[in-house]
Amino acid sequence: MSTSNHAPELQTPLLYDIVDGSVDHKGRPVYRSNSGGWRSAGFIIGVEVAERFAYDGISSNLITYLTGPLGQSTATAAENVNMWAGTATLLPILGAFVADSFLGRYTAIIVASLIYILGLGLLTLSALLSTHTATDLPCSPPPFQLILFFFALYLVAVGESGHKPCAQAFGGDQFDGHNPQESKAKSSFFNWWYCCKSGGAMVTLLILNYIQDNLNWGLGFGIPCAAMVISLVIFLLGTRMYRYSVKVDKNSAFLRIGSVFVSSIRNWRATPSAIALEEEARGTLPRPSSEQYMFFNKALLAPNCSKEDGKACSLSDVEEAKALLRLVPIWTSCLVFAVVFAQRSTLFTKQAATMDRSISHGIDFPAASLQSFMNLSIVLFIPIYDRVFVPLARALTRKPSGITMLQRIGTGIFLSVATMVIAALVEMKRLKTAQEHGLVDLPDVTIPMSVWWLIPQYVLFGIAQSFTVVGLQEFFYDQVPSDLRSVGIALKLSIFGAGNFLSSFLISVIEKATGGNGRYSWFDNNLNRAHLDYFYWLLAGMSVVQMAFYVYSAKSYIYNRRGAV
């Protein structure tokens, strides 16, 4: 009898410990005390470090491989790097759709990792088939090697398309946004995610780039392949600890949102009074954001404004559609930032290759490894931001994250303008130095100007990423419907995919407009005759215009969740 009386008291804490909307790997209710949080997020961050090590092991020095063993011109190589990087960051929209609608994030990460490993393995094979070493002069490779290389390269992009959005969204799923403590931890998660990822990239830039430039490209591509195998093993080790999201609605979020657009168009002739009556019948619309995009409220009516049950969209469906639509101006206003982002591994690297990179007798600092200073600034700055800036700002603003996500994004965009101004000024000095020493027509001779002049632009852009990129990650994860969080991360990645394509397009157009008829283009193979400074000034001007558009878009944006404000 006594046991019976105390049983409810013993069970109550367990009931409160259950995390709503999540299950374990066997589909059972999941408990807060033994799942999720930092214990499982740590595994996923470890996976991201290994994946970043692999991805940056290819992307950071790809332009050197293309202009070296593959014998491509600077402009063609830069376009190819941008096209590949653009594909790798646009394809995640498709990968996220497959994950959120069919596979689930956990399974999608495993499948994507296997594809990733296959692509890296073939990339290593293509480099091993080459008869060139890292120091050989460029020449045209056999067609088979070229086909195998680009097939493997784009296979890596396919693997990235499933891995990148799902891993980050799956990491965010380990924190319960309805729990005050875990909600704060989720915001920190995005900071530490990017910090650790940048740390993995820094190791790549310091070690792998040296191996690729001075030893062997096969080994330089093979090590990333091994890193991805380790990454998959680490991910599988956390299987029992993860929280797996449960779909709130059995219908696909894509179908629900798509039906809102279709129904709104179908009922385009509906009168405001009919819509008002329907809104009144269903109850008050849930948020002030409902005042925006009133056209989509027509989806609340059944076809031909009839009252047939089951054929009209719900209030929540309409709100989900509006939430996605409100992201478009923010997405668009960040594109120029993505174009600037694309230069760090292409033109910045080619610029560095012409300068004095000696660090001791007979040893040169790899040009691509300068990107490690950008990652070092991220690794050093994010802990300061998370542990010092956020608590101070929180005390002043009373906001959980210190400043809003949009304020954080805007700060990084402003810093990107300063980055391009500095890059243009340094390039002007480099060109002047080449002229003063009579090296304008000697592109293979090192310019007597220290490569350390480039460090400020890398460091400042690293800090800009700490604001904008991390802010975009949290923003697109938080502001989309919960069923579409992988898609939200993919939308953030697609900004950089579109930015890479825009960069490639700009370079192609400018190359044709400024070259030919005996003229030296802005991107001439002889960088002492080229004018990268003009391109940097152009990007700085475009960034100023983008900044104005972003401020306007951010001011009119209404957050989808109160906690984000």
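The backbone N, Cα and C atoms fix where each Cβ goes, and this holds for glycine too.
Record features (TrEMBL):
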TRANSMEM  81-99  transmembrane segment
TRANSMEM  106-130  transmembrane segment
TRANSMEM  142-159  transmembrane segment
TRANSMEM  192-211  transmembrane segment
TRANSMEM  217-237  transmembrane segment
TRANSMEM  324-343  transmembrane segment
TRANSMEM  363-385  transmembrane segment
TRANSMEM  406-426  transmembrane segment
TRANSMEM  458-477  transmembrane segment
TRANSMEM  489-510  transmembrane segment
TRANSMEM  534-552  transmembrane segment
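Across the candidate stretches 192-211, 324-343, 406-426, 458-477, 534-552, the maximum count of CB pairs under 8 A to the transmembrane segment (363-385) is reached by 192-211. Counting only same-chain residues 6+ beyond the ends of the transmembrane segment (192-211), those with a CB under 8 A from a CB of the stretch are 45, 48-53, 56-57, 60-61, 168, 171, 219-220, 223-224, 366, 368-372, 375-376, 378-379, 382-383, 386, 462, 465-466, 469-470, 473. Two recorded stretches are said to be in contact when at least 3 C-beta pairs lie under 8 angstroms, sequence spacing 6 or more; the transmembrane segment (142-159) and the transmembrane segment (324-343) fall short of this definition. Long-range Cβ contacts of the transmembrane segment (534-552) within its own chain (Cβ-Cβ under 8 Å, at least 6 residues beyond either end) map to 330, 332-337, 339-340, 343, 347, 409-410, 413-414, 416-417, 420-421, 423-424, 427, 506-507, 510, 522-523. Same-chain residues lying 6+ beyond the ends of the transmembrane segment (81-99) with a Cβ under 8 Å from its Cβ atoms: 55, 59, 62-63, 66, 105, 107-108, 112, 153-154, 156-158, 160-166, 169, 254, 342, 345-346, 484, 486-487, 489-491, 493-501, 503-504, 507.
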